[in-house]
């Protein structure tokens, strides 16, 4: 976010406002998405697929405008805030039905787990490919410079060539939305819901949400992964700052991030096998693999240690992303069998889970940012004060360790929801006896 040759750059305060506004809008959109999706009617394309298709054109345009440099300079902060908030809200309306679609593909829990693992692998591979493509396109817009040179150069202007390259990269990546959504529509079909009652007592969104948050297995799953996901977000967010300011690893930042992504992509299929072989509760201990290595990096910040930590962190991140989405369908099935509600509650469970996860991540990152401010962090400074270095070590070592261990302790307390029968006829027979549907 910067101005052209004669314009002004967007200030750091405005960038912080943009990111905060996007976090808030994304979190606020989750219950809204759950409400409208749960009240929508099933069409010929299904119940969730029309939402995915309908959001695609708008999210494509919003993503492109995020990287577009407007001709005016005074309101650029407002421009980026508006479109980033819009993009996050549209992404929520896209992701909630896309994630909940797993519940409507098959009644078999094992097949759902396989579909979830495949989805997570492709999402992480897509993130890796997107970062690589974007980096290759905009590489010509950057030239390496030393910290001491930046102090002499003064304010840097963005050349027209850089503006063109960033717009080209944004257009290329934005086009992946309609392409991938088209492939999804052609290759994935929602399972016909023959069990949905033609009439019956309606269950409002708020009533369904109240039942969901009072369901003990869902409550335990949600709270445990609030801590775990917040720990992962803190670790990811401050690893770059740690490598830049608390160690001499600034030349390895890109390689370390790439190692994390590659490790996460490659280990996801392995974790799917572990989930099937040893159970989901046992697999959760894989998340704490990163704990001793993160502490080691804080104590011994060398390049070999950093790459080992990056690899192990990618493995742990893979299971931390895969496990909750694999356990959530089991919780929904257990809820439906226990309370004898028909299908349709999936979006409530999925949207509220995403909402609380985003909220916890935003809170953890906000508190961490404030701690850096109190320690005396100066944005853009070549060298940070010693309290800042100590704070960064705590943020990538102690804080994630405490959060992960807390989340695992909560997850391990009490029994795991029983996996419902994998026999589709038995499941459909049970659902035909229900008399509730969402209105």
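Think of each number as a place in line: the chain as shown, counted from 1.
In case you wondered, yes, glycine gets a Cβ from its N, Cα and C as well.
Because TrEMBL annotations are produced automatically, they should be read as predictions rather than curated entries.
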- Message: If I go by TrEMBL, the feature transmembrane segment sits on one of 6-30, 81-105. Which?
- Response: 81-105
- According to TrEMBL, which stretch among 221-241, 347-367 corresponds to the feature transmembrane segment? 221-241
- Message: Quick check on the annotations: TrEMBL lists region 'Disordered' for one of 396-417, 418-439. Which range is it?
- Response: 418-439
- Between the ranges 196-214, 253-271, TrEMBL assigns transmembrane segment to 253-271
- the transmembrane segment (48-69) and the transmembrane segment (221-241) contact flag, 3+ Cβ pairs under 8 angstroms: no
- Task: Please figure out which one of 165-186, 253-271, 283-300, 307-328 racks up the most CB pairs under 8 Å against the transmembrane segment (388-413).
- Result: 283-300
- Recorded stretch that, among 165-186, 221-241, 283-300, 307-328, has the most CB pairs under 8 Å to the transmembrane segment (253-271): 307-328
